[in-house]
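Asker: Attaching a single structure in structure tokens format; questions to follow.
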Amino acid sequence: MSSTSSQGVVERVQNFVSEHKHAVLIATAAAVVAVGGVAYYASTSRGPGGDVEKGEGKKDKKKSKKRKTVKDEDGPLLEERKPKSAAVEEDDKEYTAEEIAALSQEERTKIAASLKAKGNSAYQQRKFQTAIDYYTRAIAVTPQPEPVFFSNRAACYVNLNPPQHEKVVEDCDAALALDRKYIKALNRRATALESLERFEEALRDFTAAAILNQFQDMNAAEAVERVLKKLATGKAQSILSTREKRLPSHMFTSAYFGAFRPRPLPALPENPTTGDNTLILGLEALGASDYAHAYTLVNEAIEQGISWDGGKAEALNLRGTFKFLMTDVESAKADFQASLELEPSLTQTWVKIASVWMEQGDPKKAFECFEEAIKHNPNDPDIYYHRGQVLFIMNEFGEAAENYTKSTELDDKFVFSHIQLAVAQYKSGNLANSMATFRRTLKAFPDRSEPQNYYGELLLDQQRYPDAIEKFDRAIEIERAKPPPMNVLPMVNKGLALFQWKQDIEAAEKCCQEALEIDPECEAAVATLAQLSLQQGKIDVAIKMFDKQSQLARSEPELISALTYQYATDAQVQFMHAYPDMAAQLGQMARMI
């Protein structure tokens with residue numbers, strides 16, 4: 001739980017969906033099929049045991065993951081669908097089109113069955129080109145096109161060196177044109193499409209196979225996850241490489257700056273330059289929460305030239321902070337390092353560069369920065385608060401609590417130190433201490449919404465729904481009484497509580513919609529509304545919300561998560577358009593849950 005963003009709410013929404021995924025999926029299907037979609041959430045739950053072809057248990061599950069070969073006892077994944085007549089014609093003659101036309105239907109059926117059998121035999125002997133020839137001749141001679149002929153020939157193309165994936169797709173297209181619910185052909189085409197890096201099409205096919213198998217095939221479910229990961233990761237990297245750097249939402253930016261105690265403006269030199277005055281204007285804009293203007297002004301101040309080292313250090317610290325929020329991490333680090341060279345006692349910069357090291361996965365260097373900050377100013381409460389945040393992220397809740405306590409001892413007027421102390425105590429299992437800390441914090445900060453909101457989150461975690469909603473309502477009341485902008489996170493939390501408590505989707509949706517009317521860039525509201533829309537069958541709204549969530553995502557993991565849900569939802573829409581007759585079956589599955 002962090003005071004710097006709404007990401008904790010987003011994670012709770014997705015965790016709740018993940019924990020109840022299978023039931024949500026099936027139970028939602030009946031409502032969704034009416035509008036042509038099905039809510040099949042992106043990642044699948046870990047199922048008991050395995051879905052194997054022969055036998056049961058752990059041993060067989062391992063076998064099922066092994067790629068079948070022609071040496072396997074149960075064959076090379078070829079179909080043995082029998083034509084109407086199972087008799088086999090021994091004649092191996094190659095027929096011309098005229099000769100085929102002269103044959104009776106019964107003769108053609110017998111010859112096609114013979115050729116298919118010979119194709120299977122050649123396949124078993126790894127004579128793939130020979131098998132292809134037999135299947136091709138079977139396709140030419142059969143009076144009634146058989147999807148299995150195309151699917152088996154596709155299996156041969158897979159095993160050529162190199163594999164001919166395009167031909168696999170062509171043959172599976174033909175097989176599925178004859179039998180659109182041919183699961184083996186769907187899986188085979190999906191695998192070929194994945195190899196061709198046509199991930200959206202592969203996802204479509206793996207998803208269809210999973211649903212047609214009534215979600216019983218773990219291999220198909222794992223394939224959906226695998227392709228979703230490739231698709232979302234690749235798309236995220238592409239988006240981030242071309243996306244213009246921009247500040248995150250106002251709520252996110254405000255929460256980040258709010259995690260530092262306010263400091264007085266620096267004193268100007270006796271004869272300030274234009275750049276000096278512009279810096280002060282930028283810092284004043286920051287104090288007024290006019291972040292875009294503050295960013296513009298600090299850039300102008302640096303370009304105009306700042307006359308004293310302390311001012312330059314402040315400007316580089318502020319510009320680096322904006323760059324960090326815009327995910328320009330390397331450039332942010334360069335500004336922070338330049339700031340410290342000019343003014344090594346600027347402890348806030350040490351704290352921020354520690355955040356950069358954490359972002360880059362180097363906690364050792366992050367803690368070295370905290371130690372340097374303490375050397376310069378051991379009585380700066382911000383150092384201990386932010387070191388506590390890093391320890392909290394690392395699940396070191398006991399040490400985090402010690403740092404939050406130190407921060408409050410140095411300055412007990414900073415609300416977030418108290419809140420995070422209570423949360424760390426809760427995470428450590430000290431429920432009584434946590435609740436006592438929250439009660440003291442509520443009393444000490446009666447006009448702040450944050451203690452009410454975060455206390456409500458802990459109550460929600462304990463499934464004390466009425467108490468949690470009471471706290472969220474009080475937080476909303478406090479926020480409404482303040483000058484704008486309003487922090488709408490308590491509204492989203494209230495909606496989530498109503499959803500988890502009473503499954504009151506309409507009330508939860510109303511909370512999120514109101515939050516978005518006030519703050520259109522609230523990621524927590526967008527993410528929650530997307531999931532709620534899915535469960536009501538409002539697929540168009542869900543896809544729109546997932547798209548908006550991907551636009552708001554600040555980091556690559558956040559963007560990958562949003563894109564994963566977006567692509568998964570779109571794949572379900574495609575399935576229902578392709579298989580509208582599945583509505584009744586999905587409805588029956590829903591009633592069985």
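For all residues, glycine too, the Cβ spot is worked out from N, Cα and C.
Annotated compositional bias 'Basic residues' per TrEMBL: 60-69, in sequence order. According to TrEMBL, the compositional bias 'Basic and acidic residues' annotation covers 70-83. The region 'Disordered' annotation in TrEMBL covers 44-93. What TrEMBL records for 112-145, 313-346, 347-380, 381-414, 449-482 is repeat 'TPR'. Annotation source TrEMBL lists transmembrane segment at 22-42.
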Asker: Give the residue counts of the repeat 'TPR' (347-380) per reduced DSSP state, in the order helix, strand, coil.
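Answerer: Here the numbers are 27 helix, 0 strand, 7 coil.
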Asker: Give me the mean pLDDT over the repeat 'TPR' (112-145), rounded to a whole number.
Answerer: 95
Asker: For the repeat 'TPR' (381-414), how many residues does DSSP put in helix, in strand and in coil?
Answerer: 27 helix, 0 strand, 7 coil
Asker: Any residues 6+ beyond the ends of the repeat 'TPR' (347-380) with a Cβ under 8 Å from its own?
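Answerer: Beyond its ends, the repeat 'TPR' (347-380) has Cβ neighbours at 260, 263, 313, 316-317, 320-321, 324, 329, 332-333, 336-337, 339-340, 386-387, 390, 393-394, 410.
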Asker: Under DSSP, the repeat 'TPR' (313-346) has how many residues in helix, strand and coil?
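Answerer: Tallied per class, the repeat 'TPR' (313-346) gives 27 helix, 0 strand, 7 coil.
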Asker: Taking helix as H, G and I and strand as E and B in DSSP, count the residues of the repeat 'TPR' (449-482) in helix, strand and coil.
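Answerer: Grouping H, G, I as helix and E, B as strand yields 30 helix, 0 strand, 4 coil.
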